[in-house]
Each structure stands twice: as structure tokens, then as C-alpha cells.
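Have a look at the structure below, then the notes.
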Amino acid sequence: MVSIKVSLADFIVKTEEGWIPSDNCPALDRFKTKTEKELLDSIKKEGADRASIRKQLFLTSISNKRLTQLGGVPVRDIRTSTTIPSSTRNLITDWLLNIFNDEESGEEVESAIASKYPDIFCSADKISRVAQRLENRRDRVHEDGFRILSATMLAIDSDIATEGKCEIVRATEDAIIAKFEPVSEHLCIGNPRGVFYKAFPIKKEQPMVYGVKALLGISNRDFIMNHGHGHLRTVPYSEINNAVRSFAKKNEAEIKRIRSDSLSPNAGEKFINMCDMLLQKEKIETVIAKIMKSDKN
């Protein structure tokens, strides 16, 4: 099992009058606008930049024939079949509608999606953790929605302020460490993850010597990964298999970039070896076995 994804289109769709909630009605899939048909034809072509086309489809007004009593139906290519708890769906939908329909920043958000967001798909776990923050009316997630959305969608590096719900558990000279508990059952999309930690550097591009020592101690020496988003993350032993498989889906250029990132040496020798093995096209089963064996010992 690899990381579960959700799409922004699972929550909201664009119409001529603005953004409205998404609905699911396969019977209406047959109705498409001319623009949607052209984009859907282009996404099927060999070598197509599917992520870019998905963003265009998301930012295109849907056919009026796909409106229902509850909202609008996104085209099949930009929605997922992921089961989303109603509590999470309601919280995230209302939050996104406030962001996208804002008179002052709405256009800026759409422009950012087109030019800066890598895709409209994102981690279901990240979305679940944003929903946890939304339950607290005093949380900054209600005022700083655009920036938190951008971090959730990996358009900008995250920090403590833009992460999903977490608790600061340690601060060193060079890092702040946060603990992420399993997501509450009523908000969790997919299977709950175990406890993990993230270390955020005090100064960008500077190694986290004391922070990593603290991270290893707090996490009981869990495997540490750098995903290239400006922080380090621990992975519980039982989740290494999924984590490595998910990381291996990155393209070669991205893995090389992360391998040479200033934070990667702090992640440790096992992480560097994993990157090297993936770049050398080792079988994924071999990579996982080596990482888990060394981690166990």
C-alpha cells in the first residue's frame, strides 16, 4: 500500500458563478464542455504533462449539465475514488470555498495553482491533519488559509505554522521538533499512521546537528527521511516499506536534487544509501530489505 491521495476536485469545482462543493454522480460524466473535451484529449497523448493538464481542468468551469442539488461533478480525470469521512469533507470544503471565493485573494490563488502548484493531488494524511486544525476555531488555519494550502500542496516548504496539527516537543539551537499523533478516527482518510516527528531548521540551508540528535532520541532511532521540503521526518519501522515505495516514485532528477540537499546528510547514512540505490536502479524490494535490516539492527 502506498500513500493515499486526494484531489482538490474531491472537495470543490469551478463554475461560471464561482466555486461550489463537489458532488459525485457518474451518470453526469457524459456531459463536457468543449474546453474540457480538448484538455481530456490532450491528457491522453503520449508524453503529456498530465499534472499541468489536471490543473487546467480544475481551473476550468464545469458544464452546467453536471450541476446537482449538492454541487458540481468534476471530470473523472481530476477526482479520486478515495473514501473521505463526512467530517473531513465538510471542514475542508468550507475552508477551500472561503479561500477560492475570496474577492481579494481568489484570483491570486488560481494563479498560484497554475504556476506554482505541482499538481491538484495531495497527501490524504496532510489533508486530514489540516481538518484537525480546522476543528479549533482559534487556530490560525482560518486566517492563513492560502499559505497553509500552498504548503499542503507542496508549492512552498512547510514550517510549524503551515503544517497539519502537531505539537512542538523540543527546541535546540538549530531546530524545532514537532510531534504528529495519529489522526482522529472521525477525520482520518485511509489507515491511521503511527506517531512521527519532524525537525525544522532554525536557519535554512544550515545543518541540524543538535536537532538531529534530539530527533533520534525522541523517536527511538526511527528511520529519518528528507523529502526535499525543508525539514526532516521520522518514519516508524512498520511504515518504512510504504515510505520507500512512495519516495521511489519521484523522478530521477528529483531524487538527485534531494540527495544533494543540504539537509540530507543530517538524515543519516541509511537515507543517503537509499537514494544511491534508487539512482542505481536497484530493485525496490532490495532497497527496502536493506533499509529495514539496518534499521532493525
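The backbone N, Cα and C atoms fix where each Cβ goes, and this holds for glycine too.
Feature annotation from Swiss-Prot assigns ATP binding site to Asp119, Ile120, Phe121, Lys198, His227, Gly228, His229, Arg233; the stated evidence is sequence analysis. DSSP classifies His229 (ATP binding site) as coil under the three-state reduction. Within the same chain, residues at least six positions away from His229 (ATP binding site) with a Cβ under 8 Å of its Cβ are Leu154, Asp157, Ser158.
The region 'RNA-binding' annotation in Swiss-Prot covers 212-247.
Note on His231 (active site, for NTPase and RTPase activities): other Cβ atoms within 10 Å of its Cβ, all shown chains, come to 23. Residues or ranges marked as active site, for NTPase and RTPase activities in Swiss-Prot: His231.
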Counting only residues at least 6 beyond its ends, the same-chain positions whose CB falls under 8 A of a CB in the region 'RNA-binding' (212-247) are 1-3, 154, 157-159, 169-170, 172, 175, 177, 179, 193-201, 204, 254-255, 257-258, 261, 263-264, 266-268, 270-271, 274, 278, 284, 287-288, 291-292, 295-296
All chains considered, the count of other Cβ atoms within 10 Å of the Cβ of Gly228 (ATP binding site) is 18
Lys198 (ATP binding site) to His231 (active site, for NTPase and RTPase activities), Cα to Cα, whole Å, comes out at 7
Rounded Cα distance in angstrom between Ile120 (ATP binding site) and His231 (active site, for NTPase and RTPase activities) is 22
Taking only the CA atoms, the spacing between Phe121 (ATP binding site) and His231 (active site, for NTPase and RTPase activities), expressed in whole angstrom, is 21
Ordered by sequence, the long-range same-chain Cβ contacts of His227 (ATP binding site) under 8 Å (at least 6 apart) are Arg233, Phe247, Ile258
